[in-house]
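A.B. asks: Could you have a look at this structure, given as structure tokens, before my questions?
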Amino acid sequence: MNTQSDSAGSQGAAATSRTVSIRTLIALIIGSTVGAGIFSIPQNIGSVAGPGAMLIGWLIAGVGMLSVAFVFHVLARRKPHLDSGVYAYARVGLGDYVGFSSAWGYWLGSVIAQVGYATLFFSTLGHYVPLFSQDHPFVSALAVSALTWLVFGVVSRGISQAAFLTTVTTVAKILPLLCFIILVAFLGFSWEKFTVDLWARDGGVGSIFDQVRGIMVYTVWVFIGIEGASVYSRQARSRSDVSRATVIGFVAVLLLLVSISSLSFGVLTQQELAALPDNSMASVLEAVVGPWGAALISLGLCLSVLGAYVSWQMLCAEPLALMAMDGLIPSKIGAINSRGAAWMAQLISTIVIQIFIIIFFLNETTYVSMVQLATNLYLVPYLFSAFYLVMLATRGKGITHPHAGTRFDDSGPEISRRENRKHLIVGLVATVYSVWLFYAAEPQFVLFGAMAMLPGLIPYVWTRIYRGEQVFNRFEIGVVVVLVVAASAGVIGLVNGSLSL
């Protein structure tokens, strides 16, 4: 039996120099959240909903994702010593495997998002450089691969260099978005066009409930990254900066998203928006000011995707490295180079990104399919973190067993009853919202997500047995059963041809 404390890795990681300021944390949140999704949101929403349902959807998403943001805000205050919130909160509260599955899902979602970002990047370039057009998918796949390894070379040089690049690209890409809002609001928005078919009764997109349900996956996709500050909590100069950066980043992104999606419905009808290409914001501005508007937005998209690509390649390696430091997967994966970068975790992430590039290329997978699959995987840590906050607010602790909670410093500041009640409301809203999102998702992507999660059992179980430790607690056994059943259903669907990307 290995008696070494599991918290050693996280605590050791916490001892690293804290160099990331609140401005950089906010830039990381906006940089990783305002990626490809915001540029395709007019077409994404227009394909499934009208302007009325869009407003209802943003109201639900705003409340839901704000509750998710506040979950990480509250947990950062209640457990200020825990690093990489998307991983540590679930592990301390619900068990080692739940923490592992949260980090594994977050990592896989980030990997798939990387491929989606790069695909949209080169498809946008294809409008101006025919070599990268949809007529040359092999060339685009090679270009995506080259970009992936180039970014690996950047992030492997350390946090400070990559974070600086993220800050620069975040500032650069916000400018075209602000130009879009100003130009459309004053030159192109028509209230009559916005209200002519408010509920899309002529668009063939179903009932209002179906429309709201349909846009949920896209609203989540464009908000993913809101937890970015908590992931990099161990590099923050101050733990209070983590909480403040999360809220500031959320409000900024929400204002951008609501403005862009609402203004688009005042320029083109729901049917016209649905027919646009992935870079639909460029087409909307082109309809207002001409071709130069499309070029401006395309430039912003390229800068946006580049910044998000760097951010997510940084973010996805972090939980993988911490799991290795904490003994949930082989410790060599957590190797740190002389520049302070988790180079082995970044290398493995880059290799897996390359594998998905090949898989998606062979299956001719669309950008929208990548979005839906990645979104379902991101929901795993959101759900478990929200559930942990509910447990803290109701019983003051998570599930206690020999391999969760007791090996961590589970202490925290004193919380008043009044604050606890507020935290319970936040946790319940975030939990219900996360469950609703799984319901709103298309079933095939839930099953594909389960199949992607299942292989993670191999390194986890092997490492636990090697260390002579208990593999699962009772709650985790239930999680594994659900995972195996869903993955089995997915495999059966693939075999009989009823399931495909």
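Just so it is clear, glycine is given a Cβ too, placed from its N, Cα and C backbone atoms.
Here Swiss-Prot flags 25-41, 52-76, 92-113, 138-155, 174-191, 214-232, 247-269, 292-316, 340-362, 377-393, 424-440, 447-463 (among others) as transmembrane segment, drawing on sequence analysis.
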A.B. asks: Among 52-76, 174-191, 247-269, 292-316, 424-440, point out the range having the most Cβ pairs under 8 angstroms from the transmembrane segment (25-41).
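C.D. replies: Maximum Cβ contact count belongs to 292-316.
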A.B. asks: Might you confirm whether the transmembrane segment (340-362) is in contact with the transmembrane segment (174-191), defined here as three or more C-beta pairs under 8 A between residues 6 or more apart in sequence?
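C.D. replies: These two segments do not touch.
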A.B. asks: What residues elsewhere in the chain lie close to the transmembrane segment (52-76), defined as a C-beta under 8 angstroms and at least 6 residues from its ends?
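C.D. replies: Long-range Cβ neighbours of the transmembrane segment (52-76): 45, 82, 85, 89, 198-200, 208, 211-212, 215-216, 219-220, 223, 226-227, 229-230, 233, 239, 242-243, 246-247, 250, 254, 257-258, 261-262, 265, 382, 385-386, 388-389, 392, 423, 426-427, 429-430, 433-434, 436-437.
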